Amino acid sequence: MKPKKLGIIGGSLLAFGILICAIAFPPFLRSQVKKQIALKDGSEMRELWSNFPVPLDFKIYLFNVTNPMEITAGEKPILEEVGPFFYDEYKQKVDLVDREEDDSLEYNLKATWFFNPSRSEGLTGEEELIVPHVLILSMIKLTLEQQPAAMGILNKAVDNIFKKPESVFVRAKAREILFDGLPVDCTGKDFASSAICSVLKEKDDALIADGPGRYLFSLFGPKNGTVLPERIRVLRGIKNYKDVGKVTEVNGKTKLDIWGEGDCNEFNGTDSTIFAPLLTEQDDIVSFAPDICRSMGARFDSYTKVKGINTYHYKADLGDMSSHPEEKCFCPSPDSCLTKNLMDLTKCVGAPLIASLPHLLGAEEKYLKMVDGLHPNEEEHGIAMDFEPMTATPLSAHKRLQFNLYLHKVAKFKLMKNFPECLFPIFWVEEGILLGDEFVKKLKTVFKTISIVGFMKWFTIVSGTCVSGAAAALFFKNKDKNKLDITKVTPQKGEEKKWPNQMTISTIQSAAVPPNLDAD
């Protein structure tokens, strides 16, 4: 092949590799990712975001109390973890309304749980456990803080409403504690019962009606299959992909009015179900969590691989409001801040619950020593997630949270006169996902395309360089062949200069000498 043609081929390959594969394709790919992430009405992403077809893994672990009477007498609590009670959790966003003026949409959240015995490791929900009666203890705690003079009334009301309990612990089946409910009898006509029940009825989201004047109390029952009242407004990300999913309002308010001064009331991050793509190691994963009335951030920790896909591993915790100035607004009061990885939720949920990581992971040692049976472990009890950085797809995520009550001696309540002081764990939950093979396959298809383009880039660049080099070499080789070689003939001494045999002028210059010298 002629050098010129080889040069054209080599240059074309080189130009294709550099201009198309190396320069044009990456921006095109990024633009497509940005476009696909937007929550545009009718798009595939909008459908997945609003009604994810695959359930989340929802695991509940209860702490069984093995020495309830001894605790009542003042001894240290001994606990035994029982779980997981595994539930398939379906989350739907309902009553969606688009707001074109600011590229946002509003929705309510609906969560539904279905018990999955095949993944509950032999547990059925029929197991009888002894646990703190959260409703009784919450009533005691709130009365002490808000109306301590009413403790006498509360004593009488507890006897009537809960049928003269022997302790603040209750023996019940796991399914009753979690979803089916424990009985609350508000049929009494006495003043004490009527007064306390009127307060309980105001919190209708915590009780399920079970006939006239009768209710059922459980940890999750009232929320199961129910559209939650919070109206959440998020950005769609059509105008700016970085804004996708960001929370801007809850119930028409642009910030909370729960916490003290500072940024604690601000809505930071997304609604935790979608995140902006093209992550870097410097980006935090920030989301607003309505169940604890605050935003939380997860930070890059390491590079990982999930199901054959390269991911970024992130970790999160509850912070330390006692030592971090920007978190002090989460303190119940300026002089009553909890320490690291503990958060008082009283203002948020209306019950004196304290959030922590499971088994008090990362909390001060003194709280761990208040009870027996806790064994914190980072891998099993930490908050962690793995994101594919280009699409911000969570391939694996584990959100874990424990709920506790701070208990102590209450002289004016007969069942707690000798109670030990302790941070008492009640239960902990893990909400997680390991992305299914169907969705992983789609991701791998994208990365296979990227790999093919990457291969084409280097193949065309290397091939183009080699072909261009070969063309240049061939060109110079042919150039050398076309040179006229002149050999100098030097006659030896005494020899007569002669032309070679049969050589004439015409044979030397046949192409240069015209056949007819008189042609002109």
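Cβ coordinates come from backbone N, Cα and C, glycine included.
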Range annotated as transmembrane segment - as stated in Swiss-Prot, picked from 410-430, 452-472:
452-472
Could you pull the disulfide partner of C293 out of C331, C337, C348, going by Swiss-Prot?
C348
Could you check which of the recorded positions (N64, N224, C264, N268, C293) sits closest to C331 (disulfide bond), going Cα to Cα?
C264
Between N64 (N-linked glycosylation site) and N224 (N-linked glycosylation site), how many Å separate their Cα atoms?
23
So if I measure Cβ to Cβ from N268 (N-linked glycosylation site) and keep only same-chain residues at least 6 apart in sequence, which ones fall under 8 Å?
V286, F288, S295, G297
For a quick check of packing: other C-beta atoms within 10 Å of the C-beta of C264 (disulfide bond), how many?
21
10 Å Cβ neighbour count around N64 (N-linked glycosylation site)?
18
